[in-house]
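TrEMBL has this to say about the protein:
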type: DOMAIN; residues: 24-414; note: domain 'Major facilitator superfamily (MFS) profile'
type: TRANSMEM; residues: 21-48; note: transmembrane segment
type: TRANSMEM; residues: 60-79; note: transmembrane segment
type: TRANSMEM; residues: 91-110; note: transmembrane segment
type: TRANSMEM; residues: 116-135; note: transmembrane segment
type: TRANSMEM; residues: 147-172; note: transmembrane segment
type: TRANSMEM; residues: 178-198; note: transmembrane segment
type: TRANSMEM; residues: 232-258; note: transmembrane segment
type: TRANSMEM; residues: 270-291; note: transmembrane segment
type: TRANSMEM; residues: 298-320; note: transmembrane segment
type: TRANSMEM; residues: 326-347; note: transmembrane segment
type: TRANSMEM; residues: 359-382; note: transmembrane segment
type: TRANSMEM; residues: 388-409; note: transmembrane segment
Amino acid sequence: MNLMQNEGPYDTSVALPVRRIVAITLVCFAVSMIDGFDTLMLSFVAPLLSKSLNIDPASLGRVFGAGFIGTVVGSLIAGPLADRFGRRPTLVAALIMTGVFTLACAWATSATELSILRLLGGLGMGGAIPPVTAITAESAPVRRRSALVILMFIGFPLGAVVGGAISAVLMMRFGWPFVFQMGGAFALLVIVPVLWVLPATAPGRNAQKGERPGAVLQHRGMLPRVFADGRGVAATALWVGVLATMILSGFLVSFMPTLLHLNGVAPDRAAMGAVTLNVGAIVGALVLSTVVSRAGPFVPVACSFIGGAVLTVVLGNLIGVGHATFGMLFAVGACLVGGQLTFPAIASRLFPTDVRAAGVGATMAIGRLGSIIGPTVGGWLIARQMPLPQIFVIAACMALIGAAGVSIARWRTPAQAEGHDGAAVSAQAAQPAQPSNAYGAQVPHGEVNHGR
């Protein structure tokens, strides 16, 4: 099997057996869990690692920054590569990078070595999400596409929660290097089901214009194609919303344990602040995945962000007030972080097949950039001793910007991209029978995939 052969994307949204859709979604869910674990892995081991390698807070901050920069760049690079060479080979290459460089972190001896390794590992992990999102979207039935992408991305907070719990136990027994060894091994082991289960995309054609996706990208260029067909305003609005809400969640996840501790909460309970946000995110995303199957993703997500803005203001006045704080954290996580898990679904709906991975990759890169800006700006505001209620009012404005961005994206999304589920399914049913690929999915005439 030649993994790097030209395998342009094609839409497999019809005629895949249910068991195959479930298998594909589960494998992509596993990759998403690894991404969630990898993103917070350094946070889990930071106290022990800093003491063991004598790393000061400033140097540790550079290590964190290197990893975040790697994920941003990886998301931007992998999207076009996945559209040009295929989703599966790009995903495999990204997982190999993640696994190898995460394993190497276990033997790092300085902050400089860790920074380099986290940068390279971040390139891999950031590069895994665009192809895995495109695979999930293109394998799902049209009416369930948004819901399945959201369900797949629930793996991210779940990976963070489960990974944190496992790491807390194992690193005390085996040391901090074991956490990196475990994370790297998971990334390499998941390659086996990726190759076994995920479809090898055929060199299909643009369904509307009869063009090979690679040719589309070469002739028109990536950025013009991403913004083509009236998507410019919708894409820009979506990205502004992604950036704003990720600034908010980046601040909350990074500083909530610290803010709780500064307001009288014991350190062990304060550490549960970020966990509570992620648990709320899982529940919120599960609820939204059900709603968007009927109403589409735009309106429910905008309403979720508006509700989250109100809850954020309330949270700013409740920090340190017993159980009410954690109840509000759960609600904020459900509305805000749970809503953010729908962004890949919205992006996969907005961008057509030939640039879907590139569009999703740009969306994820902008979101990760927001997760860097949020803690930086939040830390600056806290250092200036701005009252917490005022900080959280500013944070709530980010949620409102997110709601506005999603609403504008809904308003300016081209009708053919938005896709009325019922109409789409009816149109598919009216099409003549087409040949199937090796996985049972119908493909355009003359484009049969022989399972390369």
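The first residue you see is number 1, and the count goes up from there.
For all residues, glycine too, the Cβ spot is worked out from N, Cα and C.
For the transmembrane segment (326-347), same-chain residues at least 6 beyond its ends with a Cβ under 8 Å from one of its own Cβ atoms are 129, 133, 137, 145-147, 149-150, 153-154, 156-157, 238, 241-242, 245-246, 248-249, 252-253, 256, 272-273, 276-285, 287-288, 292, 297-298, 300-301, 304-305, 307-308, 311-312, 314-315, 318, 356, 359-360, 363-364, 367, 399, 402, 406, 409.
Counted as Cβ pairs under 8 Å, contacts with the transmembrane segment (270-291) are highest for 147-172 among 147-172, 359-382, 388-409. No contact links the transmembrane segment (116-135) to the transmembrane segment (232-258), because fewer than 3 Cβ pairs that are 6 or more residues apart lie under 8 A. Residues 65, 68-69, 71-73, 75-80, 82, 126, 129-130, 133-134, 226, 235, 238-239, 242-255, 259, 340, 343-344, 347-348, 350-351, 391, 394-395 of the same chain lie 6+ residues outside the transmembrane segment (359-382) yet bring a C-beta within less than 8 angstroms of a C-beta in it. Count of Cβ pairs under 8 Å against the transmembrane segment (147-172): among 60-79, 91-110, 178-198, 232-258, the largest is for 178-198. Long-range contacts of the transmembrane segment (178-198) within its own chain (CB-CB distance under 8 A, at least 6 residues past either end) are made by residues 1, 23-24, 27-28, 30-31, 34, 37-38, 41, 44-45, 87-88, 91-92, 95-96, 98-106, 124-125, 135, 163, 166-167, 170-171.
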